[in-house]
Amino acid sequence: MSAVIADPAVASAFAAGRVPGGVSTAWLDETRDQPAIAAIIAVTVFTGLVVGCRLFSRWFVLKKFGYDDGLAALSLLVLIPFTVLCILLINMGSGRHYEYIQYVMTSETVELSEVLDFAAHIIYTTALVVCRLSGLAFYHRICGLHDEFLLAIRLLAGTLVASFLPQLFLLIFHCLPVTGLWPYDWQPGGDKYTCLQWGIVYSVNSSISLFCDLLLFGIPVAMIWILDLPPKRRVQLACILLPGILVIGISIARLILVIRGQWESDQSWSYNPMLAVEVSEIGATLMALSVPGIKPMFDRWVLRKMPASSTYGGGSAKTRSGTGKSKSKSLHGTPLRSLSLRPTHTMLTSSELTIKGNDDLEAGYPERENTSTEGIYVRVDFNLHENRQRDVDKEHQYIGTAR
């Protein structure tokens with residue numbers, strides 16, 4: 001028998017007589033550990049590279065470093081111990097067939113895996129909320145001229161923190177008395193605890209997480225819809241701000257895997273994919289929120305659009321080169337936060353920034369532009385605004401003549 005058993009732990013379990021008849025060695029030897037570990041490491045490394053490029057771009061190209069950048073760096077630091085715990089759990093056998101956990105893993109190993117799973121998912125939940133707060137800080141920075149957007153973002157920040165608390169409390173108080181264990185029915189000493197089902201807790205937490213992702217990544221959708229942009233520029237801006245929509249799909253995948261992990265007969269077989277999806281969820285959120293921050297570095301060294309000391313450095317082209325504001329716009333675009341809204345949404349504009357006519361549009365609000373630090377510039381056809389204003393003036397003149 002030992003000649004056909006690949007896993008020494010399986011051979012030891014058979015030798016000790018812990019494996020009942022009807023459970024084959026091939027079933028206990030089956031594993032998906034290595035692909036899951038490879039995926040987890042790859043996502044973590046790639047996330048680190050993307051976030052590192054974002055921080056480099058913000059610090060050395062834009063010469064700016066905001067709260068959103070600090071929160072993104074913190075999220076990456078929290079992701080690393082979660083990745084380590086995921087690899088430990090996989091190597092312990094937590095993602096093998098259910099019979100492997102029941103008959104091959106020792107009771108001490110099972111208890112340790114439960115405690116590590118408990119700690120890992122507290123870290124996972126914390127990492128996600130920090131990621132989302134980083135995204136909200138970024139949106140708050142680029143929506144600086146629109147009061148209603150700012151209010152919505154602040155309310156959403158309160159919602160994210162409020163949703164984090166029930167997630168955390170469900171994990172901590174999943175059993176009474178409180179324990180890091182999540183005992184199986186067959187596990188010795190499990191009768192001392194009254195516990196919620198693992199799948200119930202994780203399904204509720206996954207549903208809350210999906211709801212938060214929908215709220216978070218709904219903000220750029222609303223921004224792109226409301227900003228007064230030509231269709232081509234709207235599509236280009238969507239490519240920068242909307243990669244986070246993919247995170248919603250990852251959240252749905254995690255919810256499906258959690259449901260399968262609780263209510264399928266082979267419960268643990270979905271555990272490895274679930275861990276890989278959880279790492280991907282954090283990584284994808286961080287990468288999606290880092291894409292706009294990488295754009296200045298990409299523009300400078302790949303597209304070679306402008307030197308670092310120009311508009312990306314935080315100052316206007318007029319003050320640095322003396323060529324005038326309109327030339328800066330024609331070459332480099334307009335800061336996203338300085339764009340006006342569609343006429344039907346002008347009520348969202350800050351009361352401090354009332355558009356009075358074409359002169360204001362040409363001026364480009366230099367005080368606000370100089371403080372723009374998001375590094376996202378959109379080319380706008382100001383002739384379009386001139387034509388619109390001319391049409392409005394003609395209409396008013398016609399109405400006055402008719403009277």
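The backbone N, Cα and C atoms fix where each Cβ goes, and this holds for glycine too.
Features of the protein shown, as given by TrEMBL:
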| type | residues | note |
| --- | --- | --- |
| DOMAIN | 54-299 | domain 'Rhodopsin' |
| REGION | 309-337 | region 'Disordered' |
| TRANSMEM | 36-57 | transmembrane segment |
| TRANSMEM | 69-90 | transmembrane segment |
| TRANSMEM | 118-139 | transmembrane segment |
| TRANSMEM | 151-173 | transmembrane segment |
| TRANSMEM | 208-227 | transmembrane segment |
| TRANSMEM | 239-259 | transmembrane segment |
| TRANSMEM | 279-298 | transmembrane segment |
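In summary, the transmembrane segment (239-259) lies against the transmembrane segment (279-298): three or more C-beta pairs, each 6 or more positions apart in sequence, are under 8 Å.
Mean pLDDT of the predicted structure over the domain 'Rhodopsin' (54-299): 90. A contact between the transmembrane segment (69-90) and the transmembrane segment (279-298) is present, since 3 or more of their C-beta pairs, 6 or more residues apart, lie under 8 Å.
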